[in-house]
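Participant: Below you'll find the structure I mean.
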Number of protein chains: 2
Amino acid sequence: MRNGGCLKRTHGCGELSLSLAGLEVVLMGWVHKRRDHGGIIFVDLRDRTGIVQVVFSPDIDEVAFVRAEPVRAEYVLAIRGVVRKRPEGTENPNMATGEIEVAAREIVILNVARALPFYPTEAANVDEALRLRYRYIDLRRPASWRVFSLRHQAALVIRKFLTTHDFLEVETPLLTRSTPEGARDYLVPSRVNPGSFYALPQSPQLFKQLLMIAGFERYFQFARCFRDEDLRADRQPEFTQLDIEMSFVEERDIRNLTEEMLVDLFREVLGVELKRPFPCLTYAEARKRYGTDKPDLRFNMELVDVSSLAGKSSCRVFADAVERGGVVKGIRVPEAGSFSRKMLDELSKLAVSWGARGLAWFALEENGVRSPLAKLFRPPELETLIGMMGGRTGDLLLFIADRQEVAEEVLGRLRLQLADRLGLVDNRQFSFVWITEFPLLEYNEDEKRYEAVHHPFTSPRDEDLHLLESHPERVRAKAYDLVLNGTEIGGGSIRNHRRDLQEQLFQVIGLPKEEAEEKFGFLLDALDYGAPPHGGIAFGFDRLLMLMLHLETIRDVIAFPKTQSATCLMTEAPAPVAPKQLQELHIKCLPALTDQSVKSCRQLDS
Amino acid sequence: MRNGGCLKRTHGCGELSLSLAGLEVVLMGWVHKRRDHGGIIFVDLRDRTGIVQVVFSPDIDEVAFVRAEPVRAEYVLAIRGVVRKRPEGTENPNMATGEIEVAAREIVILNVARALPFYPTEAANVDEALRLRYRYIDLRRPASWRVFSLRHQAALVIRKFLTTHDFLEVETPLLTRSTPEGARDYLVPSRVNPGSFYALPQSPQLFKQLLMIAGFERYFQFARCFRDEDLRADRQPEFTQLDIEMSFVEERDIRNLTEEMLVDLFREVLGVELKRPFPCLTYAEARKRYGTDKPDLRFNMELVDVSSLAGKSSCRVFADAVERGGVVKGIRVPEAGSFSRKMLDELSKLAVSWGARGLAWFALEENGVRSPLAKLFRPPELETLIGMMGGRTGDLLLFIADRQEVAEEVLGRLRLQLADRLGLVDNRQFSFVWITEFPLLEYNEDEKRYEAVHHPFTSPRDEDLHLLESHPERVRAKAYDLVLNGTEIGGGSIRNHRRDLQEQLFQVIGLPKEEAEEKFGFLLDALDYGAPPHGGIAFGFDRLLMLMLHLETIRDVIAFPKTQSATCLMTEAPAPVAPKQLQELHIKCLPALTDQSVKSCRQLDS
């Protein structure tokens, strides 16, 4: 009886329909709902395929009816019965199988269920912590079933596409070596080599480059990656990366292939037809026009530079900013001219909290311009300013007068905030954009050195090579990101395939020759032994799925996600371990330190 | 020029043939060989697709000829040239493209190569440590390319098969919780939760069971698994497991599905047609007939129990063994009757080194039986003994008189040894066998308790449930292994889906209720909230591939394998890390301990 006796499942609950009326079927599944009505027991039985109503009554089978009595929600049942049309007037048009029911002749209770902490039907309204603790109940929601089904399909479609394009999936190690650049590593103490540690990979970067040097030419992998960073809504300590690398290619080859792959993916999985080629902005242009390197192009509201006018204007705040070498930039917020003073003050506060010295606003009303600054401008100036912004009656114009980076960054954030608030974003749209020509290096004020914007294996653009020693910050990289709806979903680059250039780059980022040799010697060697030109790209697969499915958090597309403090509420990992285990690994735990003492340790160390 | 200038690859080297004669092509690849002959430079250019001969001569192009001069082995080149038939008499029938060559009009050196530590053509004869250190050179061998190409295909075929059978691939966490049963865990210290550790999974066992409880019904995953054990030739610290779980099934459903999957795999990837159903032996029968639970059925040489005769025989060694409750078992080694005394003494030594008290041998020669024991038997006894063994002239009969386990184990090992030595094994054959009805528990003499033979979530067989308290060692499990050519490639079981039974089992294996609750409370809870009957199987994917490809070591099917001391010779992982990293993780390294002090720590702890 334990496994359903001699009953053998014949159908899924959701597979039954009127055309099967009269057929005897065996179903197995969960009690979704149970109710008694007029001496009859109705059970909505649920499995992967759907839900169907099962009827127990003494008229159909006395024994089955009696045995069905103790059944409660989420019991696991095997049912033998006959499909029949529901009595006239009791059909349920909201249910896929609502025309029929199953008259039960036999029931086997495969397992009982205690009262659940919550029921799948209620999960949407339950606190997320409780849902994560009982994730196996949460996952019983049909909606979550759809998510993982699509995730599975998406991976299949991508694998098929890349296989057709001569790519080979190769698995690279997870127990690997800690490297000094990048995020914080998760470490794994070695038992066999006391004092030594593996690191879990932040990405298979070096291995995929080595596969190119090994002559694999086209590689991909759905690779698990790990970053021990403080988490945000769309980050997890472990995540899945679709990792791609190719030899003998240029930037545009990789971008083209990727676009084709995504077109295929969206068509096959969502039935959505993406337009190619995807638009493409340089990093400089994206910052200038949208104040960010991840612009959301589902709406306009571009940043406009009005410095030429502002610098000569009678408004001192504007003129001074330009005089000091800064800029005055603005956005036109359509139909926000009616914002109240309170709302505008809040916007100003927001801008200040993001680093601006202030926010200038001009509400273009029927009767004229409402603004604390309006009287500081000569009327023709004001008119020209409004003209430059394309302002129309009913609009709100916002300006920041500041250093260029600050003005762009803050306006970029205001742009997003306002588009969201004003409902300018079409949530069904998928808007891709490539960002190219990233700077290769940026100066790290804390560490007093240049560091790689992408990673130190990225190739500089040929035409900027001459600037590498003299103006490192002006060198652009052969690097590109793909942005979807304002979120970076992928990024990649052409790599350095020559040892001399790679060594020079390590030097520019202040990595001493010995340390470079110690940590990356195997890569430098490999570049010496016949390394082809190569490059690639990597996508955050979880994040891509989250956006494809219009979900709010990356946790919704991961079967067993962790919280923002990197714990699993279900298994309670991480957890203390037996002292013996630590002894075998030649480590011991330190007494927990206060933040202050951690800081001083760090200083001591650096 | 760095990326090949304006040259755009048109063909793979191996794709060229006589039908393309006259066509101008652009190739990119590695210099496999280079030679000068009569003022002409010949380069064998290699890429993923194959090798083709490229000719540089002043007659074809003066500039290209001069530029080709410095080219050496493993340089990376781009070549523009015209396909042409080779001059009469210079064809190379050993080369797929041996009828043609490419007359080079342009050459771009994409990268130079220093003298390599070894060349791909020599790799087969190079020390494995050197090959692993320069794995990217080793992987340039066409043979290794074929391995990873087949590995990729194999995973695709399996994914397609399982998808067609309604399975969903779901990724489960790698940062999870250490569990007390099983092998040694790799641990990952938590930065956010001082004193706590994640464990890397030895398998996704609990997660796949939770997915069944979540109603996924059919799950699979190519899962990375980790075991911190001392390594053997076919073990790696991290390996890939094809993990499968199903709900509402019995043992035979899982075995059937698995067989269909393997038939499909061998057909699609190797063109080999496997016969179904696979043979099936109970654990008891396998031990009895082959002395092992992983019998190699590519040859016979079954163990024969002659205790009935031996117990009554005049040979005291035999009779005593039976009297003491032991057995006398033998194997017939065909055509080994001519083994010299020296060879037979060596076999005896081997048997003793494996734990037997001695080995009795009888060489059936033309002129009679050669054996030190022959004269201890009455002639009719000897004849019956030979008859029971099916002995024929020319055969060698080997016997062990000992406790049953010892006799079977040692004869099982002798059987393998001799089959190998006598060339009885057809290496092209694939011989599968299921082993079923494993014991659920075995007694651990060291820890003075029963422990699970498979894992503690395995279900006992219904008919043995009544023995669980009284004779735990006699309870058989709903567990099964799949053995290929004498190697276990997969194993699985039906799981306990009821809390009461699972709790009882934890008790039988001596896991205190509180510890069970602390470590596995989430599973016990889940069993209470609607757990369906379920079971599954897992395959060692690396090992399966190794056997499919007739390779000697599992390292040959892993792109970047580790050595038997769990190190990566290429990246030199594991390695020491910065003190700051350890501080952030709230751990410190202990001074290395001697083996002795580790042992006393262990005792202290347990």
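Just so it is clear, glycine is given a Cβ too, placed from its N, Cα and C backbone atoms.
Please treat TrEMBL annotations as automatic predictions, because they have not gone through curation.
Okay, these came from TrEMBL:
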type: SITE; residues: A:His37; note: site 'Important for tRNA non-discrimination'
type: SITE; residues: A:Gly89; note: site 'Important for tRNA non-discrimination'
type: DOMAIN; residues: A:158-561; note: domain 'Aminoacyl-transfer RNA synthetases class-II family profile'
type: BINDING; residues: A:Glu181, A:Arg227, A:His454, A:Arg495; note: L-aspartate binding site
type: REGION; residues: A:205-208; note: region 'Aspartate'
type: BINDING; residues: A:Arg227, A:Asp228, A:Glu229, A:Gln236, A:Glu488, A:Gly540, A:Phe541, A:Asp542, A:Arg543; note: ATP binding site
Participant: Same chain only, sequence gap of 6 or more: which residues have a CB within under 8 Å of the CB of A:Phe541 (ATP binding site)?
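Facilitator: A:Ala154, A:Ala155, A:Phe222, A:Phe239, A:Thr240, A:Gln241, A:Leu242 - these are the non-local Cβ neighbours of A:Phe541 (ATP binding site), listed in sequence order.
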Participant: Given the recorded positions A:Gly89, A:Arg227, A:His454, A:Arg495, which one's Cα is the least distant from that of A:Arg543 (ATP binding site)?
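Facilitator: If we rank A:Gly89, A:Arg227, A:His454, A:Arg495 by Cα distance to A:Arg543 (ATP binding site), first place goes to A:Arg227.
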Participant: Minimum Cβ neighbour count within 10 Å among the recorded positions A:His37, A:Arg227, A:His454, A:Arg495, A:Arg543: which residue?
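Facilitator: Across A:His37, A:Arg227, A:His454, A:Arg495, A:Arg543, these recorded positions, the one with fewest Cβ atoms within 10 Å is A:His37.
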Participant: Out of A:Glu229, A:Glu488, which of the binding-site residues is least crowded by other Cβ atoms within 10 Å?
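Facilitator: Among the binding-site residues A:Glu229, A:Glu488, the lowest count of other Cβ atoms within 10 Å belongs to A:Glu229.
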Participant: Tally every other Cβ atom lying within 10 Å of the Cβ atom of A:Gly89 (site 'Important for tRNA non-discrimination').
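Facilitator: Other Cβ atoms found within 10 Å: 5.
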Participant: Measure from the Cα of A:Glu229 (ATP binding site) to the Cα of every one of the recorded positions A:His37, A:Gly89, A:His454, A:Arg495, then give the nearest.
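Facilitator: Nearest listed residue in space: A:His454.
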Participant: Out of A:His37, A:Gly89, A:Arg227, A:His454, which of these recorded positions is nearest A:Glu488 (ATP binding site) by C-alpha distance?
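Facilitator: It is A:His454, whose Cα lies nearest.
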Participant: Run through the region 'Aspartate' (A:205-208) and tell me, per DSSP, how many residues are helix, strand and coil.
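Facilitator: Grouping H, G, I as helix and E, B as strand yields 4 helix, 0 strand, 0 coil.
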Participant: Roughly how many angstrom lie between the C-alpha atoms of A:His454 (L-aspartate binding site) and A:Gly89 (site 'Important for tRNA non-discrimination')?
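Facilitator: A:Gly89 (site 'Important for tRNA non-discrimination') has its Cα 65 Å from the Cα of A:His454 (L-aspartate binding site).
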Participant: I'm trying to understand the geometry here, so how far is the Cα atom of A:Gly89 (site 'Important for tRNA non-discrimination') from the Cα atom of A:His37 (site 'Important for tRNA non-discrimination'), in Å to the nearest whole number?
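Facilitator: On Cα coordinates alone, these residues lie 15 Å apart.
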Participant: Of all the Cα pairs drawn from A:Arg227, A:Asp228, A:Glu229, A:Gln236, A:Glu488, A:Gly540, A:Phe541, A:Asp542, A:Arg543, the residues the record ties to ATP, which distance is largest, in Å?
Facilitator: 20
Participant: Check the domain 'Aminoacyl-transfer RNA synthetases class-II family profile' (A:158-561) for me and report the mean pLDDT.
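Facilitator: Per the prediction, mean pLDDT sits at 94 for the domain 'Aminoacyl-transfer RNA synthetases class-II family profile' (A:158-561).
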Participant: Going by DSSP, give the three-state secondary structure for A:Arg495 (L-aspartate binding site).
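Facilitator: It is in a strand.
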Participant: According to DSSP, which kind of secondary structure is A:Arg543 (ATP binding site) found in, if we only use helix, strand and coil?
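Facilitator: Its secondary structure by DSSP: helix.
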Participant: Can you tell me how far the Cα of A:Arg495 (L-aspartate binding site) sits from the Cα of A:His37 (site 'Important for tRNA non-discrimination'), in Å?
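Facilitator: Cα of A:Arg495 (L-aspartate binding site) to Cα of A:His37 (site 'Important for tRNA non-discrimination') measures 70 Å after rounding.
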